[in-house]
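Novice: One structure coming up, written as structure tokens, with questions to follow.
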Amino acid sequence: MHFQRFILLFSFTMMSSLAAYDLLDPNGSINIIWDIMSWKPDGYLATVRISNLQMYRQIRSPGWTIGWTWANKEVIWSMVGAQAIDRGDCSNFKTNIPHSCETSPAIVDLLPGSVPQNQQLPNCCKGGVLGSWGQRDKAATVSWFQVSVGQSGTSRKTVKVPKGFYLLGPGAGYACSSAVVVPPSVFLSADGRRKTRAMSELGFTLSHVNYKKHWRVKISITNFNYWLNYSHWNLVVQHPNLNNVTLVYNFTYKLLPYHSTSDTGVFYGVKEGNELLMEAENVQSEMIFGKDEKEFTLDQGWVFPRKVYFNGDECLMPPPNSYPFLPKSPNPIHPLLFAAALLLILLAFCSFWCNSKIESQKTQRKGPQLLR
């Protein structure tokens, strides 16, 4: 009997196409191994192991998200140690309902303590947090989960490899390259006296490709009002790419359905998490956008919001002509230098505006008011 195994490698990527890897950790990667352990009547049972082999980069809270697109009409019957974010449309199933019917499922880790100890896989349920390989505790760098796949092939010849694998996490971005064949995993029994192997040797390796299909944004809201806490706050943002949001961390996001251009969304705090914005504190989120290469540009502040409203009050945004622009010359500015210049201008503008508000606050002895 043959065994099947998939391996995925993710490594650190930067926004610039010229910065292909981390010079301080050129061999750093995230290794994801997909081992088919047994065949089922309509599919198979797989164990997925995620290992962070980066020497100093961690995956912090809220942790990793892994996703792919099924080759055919596969479903996930059940999972142990992780869960799909969305069940999808399972209306074709009348009795035994799958865990997820999504064509492109997104998987997240379970939180610590959410599963009884006797029902856990090794190194599961860490909330998606992984330590770096340079740390002493190697167990902290590994995460496991198990997935039962249905409506799939039931042999080495008929099973189809999922495609479009990706891994998302806070901080640096990750993407993937082509597949390779790797040897099957070997597992030891609890007493170390027996070995078993996963089924067949098919696998693939993934490394970074510099955000060709996605781009990332970070949002930070700081309360400079030292006399007021904001409970159940909301943030409305207008941007042409908000109709193609792949993932939002820490905030609840909804696209406003009545806006004709589908470019305006509203963000809320997470219940029992960050829905209360205390004085002198901040809440943060990161978003992943799908990238339309025909529209995406760094010219004239395109990547920044057109309008921003906090609790219904409109915030002041820089005019388009205040952002730096790419020169029309045969030797254009390096993307990293351009991004740095853009960030400095934005920070200077925000610092000026915030300082002005603080000075006004000191003078009037009342909380700052957002501009209308």
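Including glycine, each Cβ sits where the backbone N, Cα and C put it.
Here's the feature list from TrEMBL:
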type	residues	note
SIGNAL	1-19	signal peptide
DOMAIN	209-324	domain 'COBRA C-terminal'
TRANSMEM	336-356	transmembrane segment
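A description of the local structural setting of each listed feature is requested, covering burial, neighbours and distances.
Specialist: For the domain 'COBRA C-terminal' (209-324), the number of residues in each DSSP class (helix H, G, I; strand E, B; coil) is 9 helix, 48 strand, 59 coil.
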Novice: Which whole number is the mean pLDDT over the domain 'COBRA C-terminal' (209-324)?
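Specialist: Reported value for the domain 'COBRA C-terminal' (209-324) is a mean pLDDT of 83.
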